[in-house]
Amino acid sequence: MSLQIREERVAIYPGSFDPVTLGHIDIIERAAKQFDRLVVAVLNNLSKNPLFSVEERADLLRQVTSHLPNVEIDSFRDLLANYVRQKNAHVIVRGIRTVTDFEYELQIATINSKLNSDAETIFMMTNPKYSYLSSSVVKEIGHFDGDLTDFVTPEVERAIRLKFSESGGGALK
Ligand code: ADP
C-alpha cells in the first residue's frame, strides 16, 4: 500500500479588517471549512488612514476567531501575490457583497494571477444578512455612539467605544 502525502491546502483571506465585522467572521467561518488552514492577513496599507493599528486589528481578529482551530492571524505589507507565495498558499479568498465589489475584485484577481500564476482567487458570496455591512459603516455608527450589536461582536464593540472615547469622538478618518 502506498502512502500518499497530500499537500496541506492553505488559503489566505486578506483585508483591512478595520475593524472586523460579522460579515468578515461569516466569510472566515465558511472559508475555514473549505481548507486545512486559513490565514487571515491584515493588510498594512500605507495609503489608507486606519482607525485601528495593524496590531489592534490582528488582536481583535484573534479574539473573534479563537473558536476556529485552523484559522491563523497574520499581517503583511508586501504585494499580496508575493505574500501568498511566501505562505505556501495557492488560494486567495475574497468576499463579494455587490456588483461594485465584483468589478473591483475581478481587476485585483486578474492582476494577482498575472503576478502569481499559482494563486487562485475564490469569491465567496456574502450572507445576505450582511450584504450592507462594511467596516466604514461600523466606524460611522461608532463615531455617533450608535448601537453596534447587529454588526460586530461585543469585544469589537468595546474596542470601538474605547477608541472613540479616547479620541473624544474625533478618531473617524
Ligand atoms: P479591503 O480594504 O481589502 O476591501 P475589507 O476589510 O474591507 O478589506 O474587506 C476584506 C474582504 O472582506 C473583502 O473581500 C471584502 O469584500 C469582504 N467583506 C467585507 N465586508 C463583507 C461582508 N459584509 N460580507 C462579505 N464579505 C465582506
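Note that Cβ sites are derived from N, Cα and C of the backbone, with glycine treated the same way.
TrEMBL annotations: computationally assigned, not manually curated.
On a predicted model such as this, the values are computed, not experimentally measured, just so you know.
Listed features, source TrEMBL:
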BINDING   Ser16, Phe17, His24, Gly95, Ile96, Arg97, Glu105, Tyr130, Ser131, Tyr132, Leu133, Ser134, Ser135, Ser136  ATP binding site
BINDING   Ser16, Lys48, Leu80, Arg94  substrate binding site
DOMAIN    12-140  domain 'Cytidyltransferase-like'
SITE      His24  site 'Transition state stabilizer'
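On the structure: features taken from TrEMBL.
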residue: Ser16; record: ATP binding site; contacts (Cβ under 8 Å, 6+ apart): Val42, Leu43, Asn45, Lys48, Pro50, Arg57, Ser135
residue: His24; record: ATP binding site; contacts (Cβ under 8 Å, 6+ apart): Gly15, Phe17, Gly95
residue: Leu80; record: substrate binding site; contacts (Cβ under 8 Å, 6+ apart): Ile12, Pro14, Leu43, Ile92, Asn112
residue: Arg94; record: substrate binding site; contacts (Cβ under 8 Å, 6+ apart): Tyr13, Pro14, Glu105, Ile108, Ala109, Thr121, Ile122, Phe123, Met124
residue: Ile96; record: ATP binding site; contacts (Cβ under 8 Å, 6+ apart): Phe102, Glu105, Phe123, Met124, Met125, Thr126
residue: Ser131; record: ATP binding site; contacts (Cβ under 8 Å, 6+ apart): Arg97, Thr98
residue: Leu133; record: ATP binding site; contacts (Cβ under 8 Å, 6+ apart): Thr21, Leu22, Gly23, Arg97, Phe151
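On the 0 to 100 pLDDT scale, the model's mean across the domain 'Cytidyltransferase-like' (12-140) is 96. Counting every protein chain shown, the number of other Cβ atoms lying within 10 Å of the Cβ of Ser135 (ATP binding site) is 22. In this structure, Ile96 (ATP binding site) is part of a beta strand by DSSP. A simple Cβ count within 10 Å picks out one of the binding-site residues Lys48, Glu105 as the most packed, and that one is Glu105. Reduced to three states, the DSSP call for Leu133 (ATP binding site) is coil.
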